[in-house]
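> There's a structure below that I have some questions on.
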């Protein structure tokens with residue numbers, strides 16, 4: 001039986017990461033504000049939550065007993081469990097404890113996946129490939145939706161209908177009319193844009209990994225190959241295959257028109273450049289940085305010129321909808337502060353902020369203006385209290401420590417068969433870039449905390465960052481400076 005479970009673990013992990021954005025779920029109860037259906041207060045179960053539970057159970061069941069004691073002593077494990085525990089206490093004490101526990105379930109399962117990843121230790125480049133593939137899949141849907149200016153409904157994929165003329169749809173108002181932003185298979189263009197941005201960073205990481213492998217494989221290639229054999233070898237080992245992923249991902253990102261996703265991508269790219277040129281931690285990324293940057297920049301420039309007006313309006317926050325969006329975000333900061341001072345110890349409960357603002361702080365707004373604070377620390381403080389925020393900050397701090405620690409490493413070459421010597425820390429570098437991109441996005445949005453897909457992506461990327469940092473180089477070895 002254990003052998004069967006061990007074979008199922010890679011399959012469940014593949015499904016979990018590749019199909020993480022799936023919105024398929026069963027809804028028991030819909031939340032309402034002033035008679036209108038809203039996400040806060042909704043009680044549901046996502047299909048991918050069952051996959052996450054299966055992955056965690058399979059990993060935990062197959063671990064040896066002697067592995068558990070040192071595992072519980074890890075600081076990141078204790079911090080994650082502390083966050084989960086106090087968020088659960090906050091949910092139990094919330095006014096609508098059933099809905100709060102439903103929101104807490106997303107956090108609990110995300111943490112369970114995080115712990116399972118630390119135990120299972122998946123291959124870094126294979127996981128990067130899953131993120132890149134997921135980004136391409138979402139980008140394909142997003143490009144089609146934007147060009148058609150319609151999101152078709154699907155019961156089984158969990159997608160609602162959206163059109164440019166529909167009230168409540170996420171659009172950009174220009175002099176030529178309303179432009180519907182791309183959703184992919186996700187509930188909001190910002191979440192879609194973030195998934196695509198992570199796919200872009202993962203594709204760059206894969207190109208760097210392939211460049212490192214190419215250096216090694218060329219060093220052990222036997223001489224005397226025919227031109228055809230050399231061409232086949234080059235085609236098999238070249239990072240070119242990953243360059244072709246970049247244009248569709250960049251186009252998909254443009255069609256999201258998401259400021260937070262663009263800022264997240266820019267921050268992740270800056271980290272990649274700093275790691276590649278400011279240290280010896282990502283020499284392989286240095287080899288592919290210029291082609292990748294040129295490909296993405298050229299794609300963004302071309303489509304930026306084609307869709308200059310909607311991009312300009314989103315960039316400078318010009319127009320009625322953009323001004324209202326900015327004003328609402330400042331108002332949500334005030335709301336979060338008010339709720340925090342009302343319940344500073346245990347908060348108002350996961351997923352409860354909009355409902356409590358409507359009930360306790362302000363009853364005069366239109367129903368759609370009750371929303372979560374678009375800033376993770378403020379939102380987590382309001383919903384789980386000071387202890388929950390402290391535990392989350394510890395987890396984040398440990399993740400950043402793992403990322404920055406890798407920059408202090410210098411490469412110690414180890415002889416490989418045939419004399420090849422190839423250091424490669426692209427796994428750590430790529431997941432560090434993704435984690436930093438997520439944190440920056442979290443300063444401008446709330447989906448990493450309030451949505452199941454956000455919780456899942458956050459904990460998977462963080463877990464893979466720890467795993468990649470512990471494994472060291474994919475090829476060769478490293479030692480502290």
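Residue positions begin at 1 at the first shown residue.
Keep in mind that glycine also has a Cβ here, set from the backbone N, Cα and C atoms.
Just so you know, TrEMBL annotations are computer predictions that nobody has curated.
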> Using TrEMBL as the reference, determine which range in 263-283, 326-346, 347-367 is annotated transmembrane segment.
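So the range that TrEMBL calls transmembrane segment is 263-283.
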> Which one of these stretches, 191-208, 209-226, 407-424, shows up in TrEMBL as transmembrane segment?
191-208
> With pairs restricted to those 6 or more apart in sequence, evaluate whether the transmembrane segment (75-94) and the transmembrane segment (378-404) have 3+ C-beta pairs under 8 Å.
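Answer yes, regions in contact.
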> Count the residues of the domain 'O-antigen ligase-related' (249-393) that DSSP assigns to helix (H, G, I), to strand (E, B) and to coil, and report the three numbers in that order.
114 helix, 0 strand, 31 coil
> Could you check if the transmembrane segment (127-147) is in contact with the transmembrane segment (288-308), meaning 3+ Cβ pairs under 8 Å among residue pairs at least 6 apart in sequence?
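With fewer than 3 qualifying Cβ pairs, these stretches do not touch.
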